[in-house]
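Here it is, the structure, as C-alpha cells.
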Amino acid sequence: GMSPMLLAVGMMTGLQLALSMLLGSGLAWGVLAPGLVDAGVVSSAAYEPLSSWLMWPGVGLMVGAAVVSLAAQARDFLGAAKDLRSVGASRGGLPRWSLWVAAVACALAVALGGVLFGLGVPSMLLALVLLVPLCAVCARGAGQTDVSPVSQMGNLTQVVFGVVRPGELSPNVAAGSVVAGASAQVGVSLWSLKAGHLLGASASRQLAAQLVGVAVGAVVAVPAYLLLVNAYGLGTAVLPVPAAAQFRAVAEVSVRGLAGLPPYAGWGALVGCAVGALLTLAARGRAARWLPSPVAMGIGFITPAYFAVTLCLGAGLAALARKWSAKTTDAHVPSLGSGALVGESLMGLLIAATTALSRSA
C-alpha cells in the first residue's frame, strides 16, 4: 500500500539508494521468487515463506559490503586505541557525576542482560569489554566520514560469540544487539553534541538532557514495541525488520553453519556476499555514483516490493522538485519528510493500540 512514511524516506534518501533498493527488490521478487516457487524450493508464494529464503542473498549483500567496509576501517581500530589512551590520560573533561552514572549503567546492563537475555554475567562482561573499542571505532567513523559502522560492529561481536558460546542462538543475537545498540547511540550522541557545540550549548547540559531522554525513551519505546509486535508481528509484510533479519542470519551461520539454511539458500548467501563485496570495492573509485548500493539492494530482498516502489516514487518526486527549485526543495523536504514520518508513526501506534484492545475485548 501507499505509505507517507516510505514516500518521506525516499524523498530524504535520494534516487541512488531508492533505485538500488528497487533493483534488489526486482531481482528478488520479480526474478528469484517465481523461480523458487516453480521449482518447489519454496512451498508457497506468500510473503513469509519467500522472505525466509530471499533474506539470505539479501543479508549476503549487506554482509559482503560490511566485511569490505570493516577491512577498510582497520586504521580506525588503531586510531580508536590511541583515542582511548588519550581519554584515560586526561584529567579534565567530563564531570565526575557522569562517571558514576556510567558505572551504574554498566552494573544494570550486566544484571539485566544476564537475566533477561540469558547471557550470564561473564558473557555480558565480555560484551561490555568489546563495546569500548568498537564504540570508539564508531565514534571515529561518525566524526571523520559522517557514517557510523553500527551493523559491522554488531556482526563482529556475533562472530566472537559464535566462537565463545558455540551452538547458542539467542545469546549470539543478544550480544550483537548490545554492542550495535550502544554503537548507534555513540554516533547519534556525537552528532547531537557537535550541533550543540556549533550553537554554543553546554556539553554537560546536553549530556544531562540525553540521560533524561534515555529514561523517557525507555518508558515510551518498550510499550510501543510490544504494541507493534502484538498487532503485526515481526518479520511480516507489515514489519519486515531487515536489520533484525541481518542479525538473525549472522547468528544462524555463526552457530549452525550453512547446513542449517533452507535449500540452496547458502549458495544464494555466498553469491550475495561476493556481489556485495565487489560493489563496495568498486564504489571506492570514480564509478561510485553510478553503482548500486549493496546494502539498499539487500534491504530490497527482505522487504515487500511495494516498499522499494514507494521509496522510488518519493525520491523521484523530490528529484523533480529540485529541477524546479533546488533551494526551495532542500529547505522544505526535511521538515515535510519528518512530519510524514512522525505522523504515520503515531497513527501506526494508535492503530496497533486499537487492534490490541479489540483482541482483548
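Residue positions begin at 1 at the first shown residue.
Glycine is no exception: its Cβ is also placed from the backbone N, Cα and C atoms.
What you are looking at is a predicted structure, and each value in this text was computed from that prediction instead of being measured.
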Which range, 4-23, 264-283, does TrEMBL list as transmembrane segment?
264-283
For the transmembrane segment (99-119), could you work out the same-chain residues 6 or more beyond its ends whose Cβ comes under 8 Å from its Cβ atoms?
125, 127-128, 170-171, 174-175, 178, 211
